[in-house]
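To start, the structure under review is shown below, and the notes come after it.
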Amino acid sequence: MIFFTFEHLFNHISFSIVSIVITIHLITLVVNKIVELDDSLEKGMILTFSCITGLLVIRWIFAGHFPLSDLYESLIFLSWSFYIIHMIPYFKNKKLSAITAPGAIFTQGFATSGFFTQMKQSTILVPALQSQWLMMHVSMMILAYAALLCGSLLSVALLVITFQNNISLFGKRKLLLNESLFIDKIQYVNEKNNILQGTYLFSLINFYRYQLIEQLDRWSSRVISLGFLFLTMGILSGAVWANEAWGSYWNWDPKETWAFITWTIFAIYLHIKTNINLKSENSAIVASIGFLIIWICYFGVNLLGIGLHSYGSFILKST
(Lines of atoms letter the chains of each structure in order from A and count residues from 1; the text may use other names and numbers.)
(Lines give C-alpha, C1' and ligand atoms only; values in the text may rest on other atoms or scores of the structure.)
Protein backbone atom coordinates (compact mmCIF):
# COMPACT_ATOMS: atom_id res chain seq x y z
CA MET A 1 0.00 0.00 0.00
CA ILE A 2 2.81 2.41 0.84
CA PHE A 3 4.45 1.73 -2.53
CA PHE A 4 1.23 2.58 -4.35
CA THR A 5 0.87 5.79 -2.30
CA PHE A 6 4.40 6.94 -3.17
CA GLU A 7 3.87 6.01 -6.81
CA HIS A 8 0.63 7.99 -6.93
CA LEU A 9 2.34 10.96 -5.24
CA PHE A 10 5.34 10.99 -7.60
CA ASN A 11 3.05 10.61 -10.59
CA HIS A 12 0.89 13.63 -9.88
CA ILE A 13 3.75 15.81 -8.62
CA SER A 14 5.74 15.20 -11.81
CA PHE A 15 2.66 15.92 -13.95
CA SER A 16 2.04 19.22 -12.16
CA ILE A 17 5.66 20.31 -12.43
CA VAL A 18 5.85 19.46 -16.13
CA SER A 19 2.73 21.60 -16.70
CA ILE A 20 4.42 24.54 -14.98
CA VAL A 21 7.65 23.96 -16.92
CA ILE A 22 5.83 24.06 -20.26
CA THR A 23 4.05 27.27 -19.22
CA ILE A 24 7.43 28.84 -18.44
CA HIS A 25 8.75 27.63 -21.80
CA LEU A 26 5.89 29.33 -23.63
CA ILE A 27 6.46 32.56 -21.69
CA THR A 28 10.15 32.58 -22.61
CA LEU A 29 9.21 32.20 -26.28
CA VAL A 30 7.19 35.43 -26.16
CA VAL A 31 9.15 37.44 -23.59
CA ASN A 32 12.87 38.05 -23.69
CA LYS A 33 15.15 36.06 -21.45
CA ILE A 34 14.27 36.49 -17.78
CA VAL A 35 16.79 35.21 -15.26
CA GLU A 36 14.15 34.25 -12.70
CA LEU A 37 12.20 32.21 -15.25
CA ASP A 38 15.33 30.45 -16.50
CA ASP A 39 16.27 29.45 -12.96
CA SER A 40 12.76 28.18 -12.24
CA LEU A 41 12.77 26.31 -15.54
CA GLU A 42 15.99 24.48 -14.81
CA LYS A 43 14.93 23.57 -11.27
CA GLY A 44 11.54 22.40 -12.49
CA MET A 45 13.09 20.13 -15.10
CA ILE A 46 15.44 18.56 -12.57
CA LEU A 47 12.62 18.03 -10.06
CA THR A 48 10.37 16.51 -12.73
CA PHE A 49 13.06 14.09 -13.82
CA SER A 50 13.67 13.11 -10.20
CA CYS A 51 9.97 12.43 -9.59
CA ILE A 52 9.55 10.30 -12.71
CA THR A 53 12.75 8.42 -11.90
CA GLY A 54 11.51 7.81 -8.36
CA LEU A 55 8.19 6.57 -9.74
CA LEU A 56 9.95 4.06 -12.01
CA VAL A 57 12.26 2.85 -9.24
CA ILE A 58 9.35 2.34 -6.82
CA ARG A 59 7.42 0.50 -9.51
CA TRP A 60 10.49 -1.67 -10.21
CA ILE A 61 11.00 -2.56 -6.53
CA PHE A 62 7.32 -3.22 -5.88
CA ALA A 63 6.72 -5.30 -9.04
CA GLY A 64 10.02 -7.17 -8.92
CA HIS A 65 10.70 -6.59 -12.62
CA PHE A 66 11.69 -3.72 -14.89
CA PRO A 67 8.57 -1.54 -15.35
CA LEU A 68 7.92 -2.17 -19.04
CA SER A 69 5.39 -5.00 -18.98
CA ASP A 70 2.22 -3.12 -20.00
CA LEU A 71 1.03 0.01 -21.75
CA TYR A 72 0.83 2.07 -18.55
CA GLU A 73 4.44 1.32 -17.57
CA SER A 74 5.67 1.93 -21.11
CA LEU A 75 3.92 5.32 -21.15
CA ILE A 76 5.61 6.32 -17.91
CA PHE A 77 8.95 5.20 -19.33
CA LEU A 78 8.18 7.07 -22.56
CA SER A 79 7.53 10.23 -20.55
CA TRP A 80 10.86 9.71 -18.76
CA SER A 81 12.56 9.16 -22.14
CA PHE A 82 10.98 12.36 -23.46
CA TYR A 83 12.62 14.21 -20.62
CA ILE A 84 16.04 12.71 -21.45
CA ILE A 85 15.74 13.63 -25.13
CA HIS A 86 14.29 17.00 -24.14
CA MET A 87 17.48 17.78 -22.20
CA ILE A 88 19.68 17.35 -25.29
CA PRO A 89 18.60 20.51 -27.15
CA TYR A 90 17.98 22.28 -23.83
CA PHE A 91 21.67 22.89 -23.17
CA LYS A 92 22.16 24.36 -26.66
CA ASN A 93 18.94 26.31 -27.18
CA LYS A 94 16.23 26.43 -24.53
CA LYS A 95 13.64 27.66 -27.02
CA LEU A 96 13.84 24.38 -28.95
CA SER A 97 12.82 22.56 -25.79
CA ALA A 98 9.48 24.37 -25.78
CA ILE A 99 8.59 22.38 -28.90
CA THR A 100 9.53 18.96 -27.51
CA ALA A 101 8.39 19.47 -23.90
CA PRO A 102 4.65 18.96 -24.56
CA GLY A 103 5.41 15.33 -25.43
CA ALA A 104 6.28 14.66 -21.80
CA ILE A 105 3.08 16.14 -20.40
CA PHE A 106 0.96 14.43 -23.07
CA THR A 107 2.25 10.95 -22.27
CA GLN A 108 2.28 11.65 -18.53
CA GLY A 109 -1.29 12.92 -18.62
CA PHE A 110 -2.48 10.03 -20.77
CA ALA A 111 -0.83 7.50 -18.45
CA THR A 112 -2.44 9.03 -15.35
CA SER A 113 -5.90 9.18 -16.92
CA GLY A 114 -8.68 6.84 -15.87
CA PHE A 115 -8.17 4.75 -19.00
CA PHE A 116 -5.26 2.92 -17.35
CA THR A 117 -6.68 2.57 -13.83
CA GLN A 118 -6.49 -1.24 -13.79
CA MET A 119 -3.03 -1.29 -15.33
CA LYS A 120 -1.60 0.73 -12.45
CA GLN A 121 -1.72 -2.43 -10.34
CA SER A 122 1.43 -4.50 -10.82
CA THR A 123 0.78 -8.04 -12.03
CA ILE A 124 2.68 -11.24 -12.75
CA LEU A 125 4.61 -11.26 -16.01
CA VAL A 126 3.43 -13.57 -18.75
CA PRO A 127 5.99 -16.31 -19.55
CA ALA A 128 7.11 -14.66 -22.78
CA LEU A 129 8.08 -11.50 -20.86
CA GLN A 130 10.07 -13.34 -18.19
CA SER A 131 13.35 -12.80 -19.98
CA GLN A 132 16.45 -10.67 -19.62
CA TRP A 133 15.72 -9.33 -23.11
CA LEU A 134 12.74 -7.40 -21.73
CA MET A 135 14.89 -4.55 -20.45
CA MET A 136 17.13 -4.42 -23.53
CA HIS A 137 14.51 -4.68 -26.27
CA VAL A 138 11.64 -2.65 -24.84
CA SER A 139 13.82 0.12 -23.38
CA MET A 140 15.58 0.58 -26.73
CA MET A 141 12.25 0.75 -28.55
CA ILE A 142 10.75 3.27 -26.11
CA LEU A 143 13.88 5.43 -26.25
CA ALA A 144 13.68 5.24 -30.04
CA TYR A 145 10.03 6.32 -30.00
CA ALA A 146 10.85 9.27 -27.74
CA ALA A 147 13.79 10.44 -29.84
CA LEU A 148 12.00 10.01 -33.15
CA LEU A 149 8.87 11.77 -31.88
CA CYS A 150 10.91 14.71 -30.57
CA GLY A 151 12.87 14.97 -33.81
CA SER A 152 9.66 14.76 -35.83
CA LEU A 153 8.08 17.53 -33.75
CA LEU A 154 11.05 19.75 -34.58
CA SER A 155 10.51 18.95 -38.27
CA VAL A 156 6.81 19.80 -38.02
CA ALA A 157 7.73 23.13 -36.43
CA LEU A 158 10.19 23.73 -39.28
CA LEU A 159 7.43 23.18 -41.85
CA VAL A 160 5.05 25.53 -40.05
CA ILE A 161 7.60 28.35 -39.83
CA THR A 162 8.72 27.86 -43.44
CA PHE A 163 5.11 27.92 -44.64
CA GLN A 164 4.47 31.17 -42.78
CA ASN A 165 7.57 32.74 -44.32
CA ASN A 166 6.52 31.73 -47.83
CA ILE A 167 3.06 33.26 -47.33
CA SER A 168 4.58 36.55 -46.10
CA LEU A 169 7.03 36.80 -49.01
CA PHE A 170 4.32 35.92 -51.53
CA GLY A 171 2.11 38.66 -50.11
CA LYS A 172 4.86 41.26 -50.55
CA ARG A 173 5.48 40.27 -54.18
CA LYS A 174 1.77 40.21 -55.00
CA LEU A 175 1.33 43.70 -53.54
CA LEU A 176 4.18 45.04 -55.68
CA LEU A 177 2.67 43.47 -58.82
CA ASN A 178 -0.78 44.93 -58.17
CA GLU A 179 0.65 48.40 -57.59
CA SER A 180 2.47 48.26 -60.94
CA LEU A 181 -0.81 47.68 -62.80
CA PHE A 182 -2.80 50.62 -61.44
CA ILE A 183 -0.37 53.53 -60.87
CA ASP A 184 1.91 55.59 -63.09
CA LYS A 185 5.66 55.17 -63.37
CA ILE A 186 6.69 57.74 -60.75
CA GLN A 187 4.21 56.45 -58.22
CA TYR A 188 5.27 52.92 -59.03
CA VAL A 189 8.93 53.72 -58.34
CA ASN A 190 8.03 55.36 -55.03
CA GLU A 191 5.80 52.48 -54.02
CA LYS A 192 8.48 50.02 -55.09
CA ASN A 193 11.07 51.75 -52.92
CA ASN A 194 8.68 51.75 -49.96
CA ILE A 195 7.90 48.10 -50.42
CA LEU A 196 11.58 47.24 -50.82
CA GLN A 197 12.37 49.12 -47.63
CA GLY A 198 9.56 47.30 -45.91
CA THR A 199 10.83 44.01 -47.28
CA TYR A 200 14.30 44.81 -45.98
CA LEU A 201 12.86 45.59 -42.57
CA PHE A 202 10.77 42.45 -42.81
CA SER A 203 13.93 40.44 -43.50
CA LEU A 204 15.70 41.94 -40.51
CA ILE A 205 12.76 41.26 -38.23
CA ASN A 206 12.53 37.66 -39.43
CA PHE A 207 16.26 36.98 -39.32
CA TYR A 208 15.69 35.22 -36.00
CA ARG A 209 13.06 33.08 -37.69
CA TYR A 210 15.50 31.93 -40.35
CA GLN A 211 18.09 31.14 -37.69
CA LEU A 212 15.46 29.11 -35.85
CA ILE A 213 14.68 27.17 -39.03
CA GLU A 214 18.35 26.22 -39.39
CA GLN A 215 18.52 25.17 -35.75
CA LEU A 216 15.34 23.12 -36.08
CA ASP A 217 16.72 21.34 -39.13
CA ARG A 218 20.05 20.64 -37.46
CA TRP A 219 18.61 19.39 -34.18
CA SER A 220 15.83 17.35 -35.77
CA SER A 221 18.47 15.56 -37.84
CA ARG A 222 20.60 14.85 -34.77
CA VAL A 223 17.75 13.64 -32.58
CA ILE A 224 16.24 11.50 -35.34
CA SER A 225 19.66 9.96 -36.03
CA LEU A 226 19.90 9.03 -32.35
CA GLY A 227 16.38 7.60 -32.42
CA PHE A 228 17.15 5.62 -35.56
CA LEU A 229 20.13 4.06 -33.80
CA PHE A 230 17.95 3.08 -30.82
CA LEU A 231 15.29 1.72 -33.17
CA THR A 232 17.80 -0.44 -35.01
CA MET A 233 19.16 -1.83 -31.74
CA GLY A 234 15.62 -2.45 -30.49
CA ILE A 235 14.59 -4.34 -33.62
CA LEU A 236 17.74 -6.48 -33.62
CA SER A 237 17.44 -7.34 -29.92
CA GLY A 238 13.74 -8.07 -30.44
CA ALA A 239 14.59 -10.47 -33.26
CA VAL A 240 16.99 -12.39 -31.02
CA TRP A 241 14.40 -12.48 -28.23
CA ALA A 242 11.71 -13.67 -30.67
CA ASN A 243 13.94 -16.51 -31.80
CA GLU A 244 14.39 -17.63 -28.19
CA ALA A 245 10.69 -17.31 -27.31
CA TRP A 246 8.94 -18.35 -30.52
CA GLY A 247 11.65 -20.07 -32.58
CA SER A 248 11.77 -17.47 -35.35
CA TYR A 249 13.63 -14.19 -35.76
CA TRP A 250 10.83 -12.52 -37.73
CA ASN A 251 7.14 -13.43 -38.04
CA TRP A 252 5.67 -10.33 -39.70
CA ASP A 253 3.56 -9.77 -36.62
CA PRO A 254 1.58 -6.47 -36.87
CA LYS A 255 3.93 -4.83 -34.37
CA GLU A 256 6.99 -6.08 -36.25
CA THR A 257 5.53 -4.93 -39.55
CA TRP A 258 4.86 -1.40 -38.30
CA ALA A 259 8.29 -1.27 -36.66
CA PHE A 260 9.80 -2.13 -40.04
CA ILE A 261 7.68 0.59 -41.71
CA THR A 262 8.87 3.08 -39.09
CA TRP A 263 12.49 2.05 -39.65
CA THR A 264 12.04 2.44 -43.43
CA ILE A 265 10.47 5.90 -43.15
CA PHE A 266 13.32 7.28 -41.07
CA ALA A 267 15.91 5.51 -43.21
CA ILE A 268 14.45 7.49 -46.12
CA TYR A 269 14.68 10.64 -43.99
CA LEU A 270 18.37 10.08 -43.30
CA HIS A 271 18.99 9.28 -46.97
CA ILE A 272 17.38 12.58 -47.99
CA LYS A 273 19.56 14.44 -45.48
CA THR A 274 22.67 13.10 -47.24
CA ASN A 275 21.58 14.78 -50.49
CA ILE A 276 22.70 18.40 -50.31
CA ASN A 277 20.61 19.31 -53.37
CA LEU A 278 17.34 18.67 -51.55
CA LYS A 279 15.82 21.31 -49.29
CA SER A 280 15.29 20.74 -45.59
CA GLU A 281 11.52 20.88 -46.19
CA ASN A 282 11.69 17.57 -48.07
CA SER A 283 13.17 15.67 -45.15
CA ALA A 284 10.84 17.50 -42.75
CA ILE A 285 7.81 16.20 -44.67
CA VAL A 286 9.11 12.64 -44.36
CA ALA A 287 9.71 13.12 -40.62
CA SER A 288 6.18 14.49 -40.22
CA ILE A 289 4.81 11.34 -41.84
CA GLY A 290 7.03 9.33 -39.51
CA PHE A 291 5.46 11.11 -36.53
CA LEU A 292 2.09 9.57 -37.39
CA ILE A 293 3.61 6.18 -38.20
CA ILE A 294 5.26 5.98 -34.76
CA TRP A 295 1.96 6.51 -32.94
CA ILE A 296 0.34 3.83 -35.09
CA CYS A 297 3.20 1.47 -34.31
CA TYR A 298 3.14 2.25 -30.59
CA PHE A 299 -0.61 2.35 -29.91
CA GLY A 300 -2.12 0.46 -32.81
CA VAL A 301 -1.33 -3.11 -31.74
CA ASN A 302 -1.91 -2.42 -28.04
CA LEU A 303 -5.30 -0.80 -28.46
CA LEU A 304 -6.55 -3.23 -31.10
CA GLY A 305 -5.25 -6.24 -29.18
CA ILE A 306 -3.94 -8.13 -32.21
CA GLY A 307 -0.73 -10.04 -32.78
CA LEU A 308 1.89 -11.55 -30.51
CA HIS A 309 2.71 -8.19 -28.91
CA SER A 310 -0.85 -7.42 -27.77
CA TYR A 311 -0.33 -8.87 -24.28
CA GLY A 312 1.39 -5.65 -23.25
CA SER A 313 -1.97 -3.89 -23.01
CA PHE A 314 -3.82 -6.41 -20.86
CA ILE A 315 -3.72 -7.47 -17.23
CA LEU A 316 -2.85 -11.03 -16.28
CA LYS A 317 -5.13 -12.12 -13.43
CA SER A 318 -3.78 -14.84 -11.21
CA THR A 319 -6.12 -17.76 -10.50
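Any Cβ shown, glycine's included, is placed from N, Cα and C.
According to Swiss-Prot, the protein carries these features:
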- 15-35: transmembrane segment (TRANSMEM)
- 44-64: transmembrane segment (TRANSMEM)
- 71-91: transmembrane segment (TRANSMEM)
- 96-116: transmembrane segment (TRANSMEM)
- 141-161: transmembrane segment (TRANSMEM)
- 223-243: transmembrane segment (TRANSMEM)
- 258-278: transmembrane segment (TRANSMEM)
- 284-304: transmembrane segment (TRANSMEM)
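Two recorded stretches are said to be in contact when at least 3 C-beta pairs lie under 8 angstroms, sequence spacing 6 or more; the transmembrane segment (71-91) and the transmembrane segment (223-243) meet this definition. Ranking 44-64, 223-243, 258-278, 284-304 by CB pairs under 8 A with the transmembrane segment (141-161) puts 223-243 at the top. Among the recorded stretches 44-64, 223-243, 258-278, the one sharing the largest number of Cβ pairs closer than 8 Å with the transmembrane segment (284-304) is 258-278.
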